[in-house]
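Feature annotations, courtesy of Swiss-Prot:
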type	residues	note
BINDING	ASP429, ASP551, ASP552	Mg(2+) binding site
COMPBIAS	262-276	compositional bias 'Polar residues'
COMPBIAS	286-299	compositional bias 'Polar residues'
DOMAIN	357-600	domain 'Reverse transcriptase'
REGION	1-177	region 'Terminal protein domain (TP)'
REGION	178-346	region 'Spacer'
REGION	249-301	region 'Disordered'
REGION	347-690	region 'Polymerase/reverse transcriptase domain (RT)'
Amino acid sequence: MPLSYQHFRRLLLLDNEAGPLEEELPRLADEDLNHRVAEDLNLQLPNVSIPWTHKVGNFTGLYSSTVPVFNPDWLTPSFPDIHLHQDLIQKCEQFVRPLTKNEVRRLKLIMPARFYPKATKYFPLDKGIKPYYPENVVNHYFKTTHYLHTLWKARILYKRESTHSASFCGSPYSWEQELQHGSTSLNGEKGHGTESLCAQSSGILSRPPVGSTIQSKFQQSRLGLQHKQGQLANGKQGRSGRLWSRVHTPTRWPSGVEPSGTGHSDNLATRSTSRFHQSEVRKETNPSLSTSKGHTSTGHAVELNTVPPSTVGSESQGSVFSCWWLQFRNTEPCSDYCLSHIINLLEDWGPCYEHGEHHIRTPRTPSRVTGGVFLVDKNPHNTTESRLVVDFSQFSRGTTRVSWPKFAVPNLQSLTNLLSSNLSWLSLDVSAAFYHLPLHPAAMPHLLVGSSGLSRYVARVSSTSRIYNHQHGTLQNLHHSCSRNLYVSLLLLYQTFGRKLHLYSHPIILGFRKIPMGVGLSPFLLAQFTSAICSVVRRAFPHCLAFSYMDDLVLGAKSVQHLESLYTAVTNFLLSVGIHLNTAKTKWWGYSLHFMGYIIGSWGTLPQEHIVQKIKNCFRKLPVNRPIDWKVCQRIVGLLGFAAPFTQCGYPALMPLYACITAKQAFVFSPTYKAFLCKQYMNLYPVARQRPGLCQVFADATPTGWGLAIGHQRMRGTFVAPLPIHTAELLAACFARSRSGADIIGTDNSVVLSRKYTSFPWLLGCAANWILRGTSFVYVPSALNPADDPSRGRLGLCRPLLRLPFRPTTGRTSLYADSPPVPFHQPARVHFGSPLHVAWRPP
């Protein structure tokens, strides 16, 4: 006869009808009883021949692939001009007393952050943008490239200019060794070189003169080719021109894919550049020099675009032009869907490349990428904006994987001990928190992203395209890329991006200037940074509480008026050091804080309502008597495990599911087991804050008996059969709780102290979790345990009762200073110029 739900509840001692605990509870440790119950509940994981169920509600399992959905209307989020101040430590010391060693150590970790993996694999640029959406290849390419350019303009990325140089926007840090302008400019004046000639897009450095070192040249001259005006006007090559010609004709094009001109300019170069770069042309004293405007630190740098040296000579030999996009301009349309129709829409398509405001020297950076990128929805609640996903998983795989540092994550009890109070709360939203932390330029070659340019990208992902590497840029295969799909996509994208289509069609290689989200080091660094900042805030306002986990930052104060003043002071401090807050997303919670998926109040902690609704929907759609794929069970356990501490039986109730996942077998929910779990999760109990106190109840056990010391009273008992020592100790703790009602119990068993009952017999673990719920344990050595003698049958001997205090722990998550003692008077308004008379003493 199958085990009914009511009988199962009585078996677990969850009803008040159970007999004496000392008789009933040891039975639950019996191995035969556990096997019989598991068999009655169909928990034995049989090899069923019925097909497995691979989908339950929103949970999918094996052999099910979620087709990603591309949104053609995705918006690229805007990023503020984030620049964390380099004198962060000094500003913190001005805000509060001298920083502690812990605070200084944590802040130095991120000023700047460093990342040096054991080995780095480099991939071709063709793999820079992942073909995540095969039906929307072109749209995805341009939206991803636009996202990358947005990050570069927002000071988050470096742009690779050459093998040893990069450019970026925004204010430089001291560790970013800037390459200065040379002493010669186009007008022959010495100074900043506002008209200095840069070497097209690559930014390759000119060779230093004889007698100087490479290092000194890097410090003295800015990127670019430095010629005198006379040499340019006469079209002659001086000594520097010969050096440039010999050194800077690379076998591999600087930008990684497309050839760009680095030769000397003459009339042919003038005609080719004026034909292909119809952006704002600036002609100085030399009328034969045609340039297009770039972006440098002065805003007036000149970009020289010429044909490769091999083509300079006679026009009869033909020219291999550097810009794939603009080659269509002077060709005959091949069809109604020829790309030349789009290119002829505009006279001025803008520059082929953009340069940053500053140029720096970098370690050797190949024209490759180390991780692919693609776009997804920003979050399940915001599908209008996109989020860039960067795949740097190579650093977490293989024999050369990086061992990421571990950091403290607050568990539920520590979080409740710390935040469960009668304070008023608010939470702050840090804009793009990861992108606040600067990365040392030496890490750039390990964190490269980019794209190979539209022509090569379309050729790789399209089976109909016939662009081959050795033919790239030749007129014979130019029109092979023309197709109806590409034509229609570009025509629609033209309405969004306009002439930027030309810029985005070129290859680009970018390295991270701020820490990326796709590397395991980033969460550690962000946690260290925010915890140090909160520690500074706590010491500046000892009467308040500031706490953070990753980018979630919360502030608490005794009254709403006080919280408003605290909010103003803290936000001003954070803004003064360069931390950007999204004030529109500041949430005022009142006395019930919403944090990390929990609701935390003075009464304790409960899961948030949206999680409770997910659990209800899960049980509503959970089938019975059908084998469910273990991968689906894994997802179900992930949801139920979050709320397990708030149920009667806790994690032990989920142990049959854990066993099926470990064995990679299907699991069949019997009606009784489903009803048991459903009842468990429909009635959630808050996890209460632990209170300090004095331990006056002690428990101890041997394999054959148990003993208790409750005040000056001693008790003992024996087991029917010898039990494992850990099981006996757990039973003794349950007896102590049942007989005394004390919420602080002393024991000498480390397993009982850990409060992890999943390794005990299943039925005993479920019952013990409910009996010991809300109980705090204190470790007492066996030699000093007053219950040691009773457990061995010696009631006549009474050891003196220990005065063993219990202090609630917050683990390694709290780094605040104790507040000074204060009277109970509470002023109506807080003035930060004088000490506050009302303080909250943390636990």
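Placement of Cβ uses the backbone N, Cα and C atoms for every residue, glycine included.
Same-chain residues that are not part of ASP429, ASP551, ASP552 yet have a Cβ within 8 Å of the Cβ center of the Mg(2+) site turn out to be SER427, LEU428, VAL430, ALA433, SER548, MET550, LEU553. Counted within 10 Å of its Cβ, the other Cβ atoms near ASP552 (Mg(2+) binding site) come to 16, all protein chains included. The local packing around ASP429 (Mg(2+) binding site), expressed as other Cβ atoms within 10 Å of its Cβ over all shown chains, amounts to 16. DSSP assigns ASP551 (Mg(2+) binding site) to coil, not to a helix or a strand.
Neighbour list (ASP551 (Mg(2+) binding site), Cβ cut-off 8 Å, at least 6 residues apart, same chain): VAL430, ALA433, PHE434, LEU526, THR530.
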